[in-house]
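The next block holds one structure in the form of structure tokens; read it before the comments.
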Amino acid sequence: MRKQALILVCIVVFGVVGSCHGGSLKKGYYDNTCPDAEAIIKNATEKRVANDPTLPARFLRMHFHDCFVRGCDGSVLLNSTTNNTAEKDAIPNLSLAGFDVIDDIKAEVEKECPNVVSCADVLALAARDAVSFKFRKPLWNVLTGRRDGTVSEASEALANLPSPFSNFSTLVQKFANKGLNVQDLVILSGGHTIGVGHCNTFSNRLYNFTGNGDQVPSLNATYATFLKTQCQSLSDSTTFVAMDPGSGLTFDNNYYVTLKQNKGLFQSDAALITHEISRIIVDGLLVSEVFFREFALSMVKMGAIGVLTGNEGEIRKKCSVVN
């Protein structure tokens, strides 16, 4: 709670995230250098979300995966080269999608303000604007001023990203490594209220939980039966299901309702109700207003992880390649 209070001081009093997570982000960073930047990104994002309701989940996950590897520096957007396998080609990122849309949105910004707005900020803003689209208001503040990184390595994605197979203690450590606490872990996991999970990320819970061809006993039996109709073998890597059953395109707090019903899709979801502290947090997030308020706070914290600012990094002209 002290970290959360500290970052609130940074935001409310100064309008800046400073030493809390490194660097110096602020509201309206581009007001003088590219005053229409945020409006351009918002309009471009909303136009695309209107035609593709899967984009909010895709952008939110992409932003999360960016921030957990080298900080929020747009490194997840870089393509692999002859001599380097980039983050986007690491196994946990192979199911990310929407890179082409981020490239298109960045191109629109570049037309107005060349070499000013970073890809890291484009992604952070597009994730917020996509999720907020149906609400017709921003669900969280996005402080800006991030610079783009020039390094992207698949091995670092493997080492830093939380896995859907993780238990509670592993999840807590992965988040702590990024300056995030248990509350942030439970709240940000609520992003699983939108989007899908591929069968190979959870089918071991249906068919081979202990290595003896068994099902995880804590999984809701009715839900398990349904999942088996969708994912019929351990080897299925193409079929996917909504992470939040019945609410996969609606950003709400239903994820926590499903957790209480033992319908967490991934091992990492189910892990959140295996510890007393996280169970208490889950119970609090059953109140919709609490979830939206707390999610907004944790997103600001996550969006400030390891940021490059000032003269660090660069402003990429195209998000998929370094200058």
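Keep in mind that glycine also has a Cβ here, set from the backbone N, Cα and C atoms.
These features come from TrEMBL:
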BINDING   Pro162  substrate binding site
BINDING   His192  heme b binding site
BINDING   Thr193, Asp244, Asp252  Ca(2+) 2 binding site
DISULFID  Cys34-Cys113  disulfide bond
DISULFID  Cys67-Cys72  disulfide bond
DISULFID  Cys119-Cys319  disulfide bond
DISULFID  Cys199-Cys231  disulfide bond
DOMAIN    24-323  domain 'Plant heme peroxidase family profile'
SITE      Arg61  site 'Transition state stabilizer'
### Query
What's the CA to CA span in angstrom from His192 (heme b binding site) over to Asp244 (Ca(2+) 2 binding site)?
7
### Query
Can you tell which of the recorded positions Arg61, Cys113, Pro162, Cys199, Cys231 lies nearest to Thr193 (Ca(2+) 2 binding site) in space, using Cα positions?
Arg61
## Note on the structure
Row Arg61 (site 'Transition state stabilizer'), column other C-beta within 10 angstroms, all chains, value 21
### Task
Just jot down the residues in the same chain as Cys231 (disulfide bond), at least 6 apart in sequence, with C-beta under 8 A of its C-beta; none if empty.
Cys199, Phe202, Ser203, Leu206, Thr239, Val241
### Message
What does the structure give for the C-alpha distance between Arg61 (site 'Transition state stabilizer') and Cys119 (disulfide bond)? Integer Å is fine.
### Response
16
### Additional residues around Ca(2+) 2, ordered along the sequence, whose Cβ is within 8 Å of the centroid of Thr193, Asp244, Asp252
Gly190, His192, Ile194, Ser247, Gly248, Thr250, Phe251, Asn253, Asn254, Tyr255
### Task
Report, as a single number, how many Cβ atoms besides its own are within 10 Å of the Cβ of the residue listed as 'heme b binding site'.
25
### Task
Among Cys34, Cys119, Cys319, these being the disulfide-bonded residues, pick the one whose CA is nearest to that of Asp252 (Ca(2+) 2 binding site).
Cys119
### Message
I'm trying to understand the geometry here, so how far is the Cα atom of Cys72 (disulfide bond) from the Cα atom of Asp244 (Ca(2+) 2 binding site), in Å to the nearest whole number?
### Response
26
## Note on the structure
Cβ neighbour count within 10 Å, max among the disulfide-bonded residues Cys34, Cys119, Cys319, goes to Cys119
### Message
With every protein chain in view, what's the tally of Cβ atoms within 10 Å of the Cβ of Cys72 (disulfide bond), excluding that atom itself?
### Response
29
### CB contacts for Thr193 (Ca(2+) 2 binding site) [other CB atoms within 10 A, all chains]
26
### Query
Distance between Asp244 (Ca(2+) 2 binding site) and Pro162 (substrate binding site) at the Cα atoms, whole Å?
19
